[in-house]
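Q: Just lifted these from TrEMBL, have a look:
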- 13-290: domain 'Homogentisate 1,2-dioxygenase N-terminal' (DOMAIN)
- 292-447: domain 'Homogentisate 1,2-dioxygenase C-terminal' (DOMAIN)
- H346, Y361, H383: homogentisate binding site (BINDING)
- E352, H383: Fe cation binding site (BINDING)
- 455-466: compositional bias 'Basic residues' (COMPBIAS)
Amino acid sequence: MPLTSFNTPDPYKYQNGFNSYHETEAIPGALPVGMNSPQKPPFGLYAEKLSGTAFTAPRATNKQSWLYRIMPSASHSSFSPVPDSVPGVQSTLRPSAFHQIPNQLRWDPFEIYEDRDFVQGLNMIAGAGDVSTKNGIGIYAFAAGKNMDYHSAFYSADGDWLVVLQHGEMDVETELGRLYVRPNEILIIPRGIRFRITLPNGPVRGYILETFTTGHFELPELGPIGSNCLANARDFQAPVASFTDDVGSALKPYRITAKFDGNLFVATQRHNPFDVVAWHGNYYPMKYDLGRFNTIGSISFDHPDPSIFTVLTVHSAVNGTAVADFVIFPPRWLVGEDTFRPPWYHRNTMSEFMGLISGDYDAKASGGFLPAGASLHNVMSAHGPDYGTHEKASNAILKPQKVGEGSMAFMFESMFMVGVTEWGLKTCRKVQEDYNAESWGGLKRNFYPPAGKWGSHRPKSKGSDK
């Protein structure tokens, strides 16, 4: 069945379609007919335009939505910096410097913070580029054990978010409606959209890819594959309009926290930030069940490039080279004849950050790559299957084989050289110091040239590496 068997039914209804133009109203008649900004919008609402691209961006890439809300989002106090003394993550979202490291890196599972909400539980692991020039990416771990306060909302002005939930469930209230996110689902929150996260089933943990570029997540082109497969547009779900009409007080105003150039700022306002009664447009949050991904692979020989597992991409100015790709390795059949079936050893001009949602990753048999952990193989850092996986795959009987049952690994791949933050390298205390030796230290020399002009280098006992 092409979907994930979730433990919790989804309580909400959605609109389906990736990059579709949607319109929705919580009260019939709340959307103006035939125009965007009437002199008096229906029911005394305010019209507000939310632009995810420049006004003059080409029609094919222009992202915008019109919101009809009880109070405009401009109605708030001045933003003030969040001081470092306030519990949270101010110092871990904008590192003073990245550690650029050619070594292969791997992390043990990241902690769950029972006493933190979603915003307080954000930590930057790695990144590249510069937020203020809209050029680069950020990679974060998040963990939380309590709800965001009812009188709060958060948004990032820095970029679009792709949230990969590894543990727990999230009820996500956004300006444009609600989404319920479970493990094996991803959540996309575009730049600037305000949201609040509650935890209906206990603590949560996961990963975030933030793209600072002016581009947005897109479905990859399919080329010779044709018009379907991989992630299909119809399977992405966007919220329907849902609003809350209440006001804060002098003692309990609504707090809006903004991530701006990697720093946190806070403002207050009297009205509920989730007061959008109707909206229309193509700039909105959405979610996707990774279980619906239609995997493509070889049915003859060889292991294709992992780009065939790309769910979403963010384009750069260089054709075919991504600011970021989101790639998954779902359950799938391997049938290649006379083929080494796991991923081959390679070095890549792209950086590869991997995480594991559940199960075991088929290219790592040692057990060191665990759910909620991660690895980073930076630009031209050599990597591939560990010793145990290579031995097993090199001697396996090549019958049809289902791999990845109950597993889901993913990769954030980027054209940037990805630096590691001080939190990711030291503070989190999760880096596996023996990763390289454990994975590849046991590899043996298998090269035995024939006797003759090359000489004879065959060792006395097979398996020796001398």
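Quick reminder: no glycine exception, Cβ is built from N, Cα and C everywhere.
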Q: Around H346 (homogentisate binding site), which residues of its chain at least 6 apart sit with Cβ under 8 Å of its Cβ?
A: A382, H383, G384
Q: Output, ordered by sequence, the same-chain residues six or more apart from E352 (Fe cation binding site) with a CB under 8 Å from its CB, or 'none'.
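A: Result: L376, H377, N378, H383, M411, F412, E413.
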Q: Would you list the other residues of this chain near homogentisate - those whose C-beta lies within 8 angstroms of the C-beta centroid of H346, Y361, H383 - in sequence order?
A: P343, Y345, E352, M354, A363, H377, G384, P385
Q: Tell me which residues of the chain lie with their Cβ under 8 angstroms from that of Y361 (homogentisate binding site), as long as they are six or more apart in sequence?
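A: Listed in sequence order: F329, M354, F369, S407, A409.
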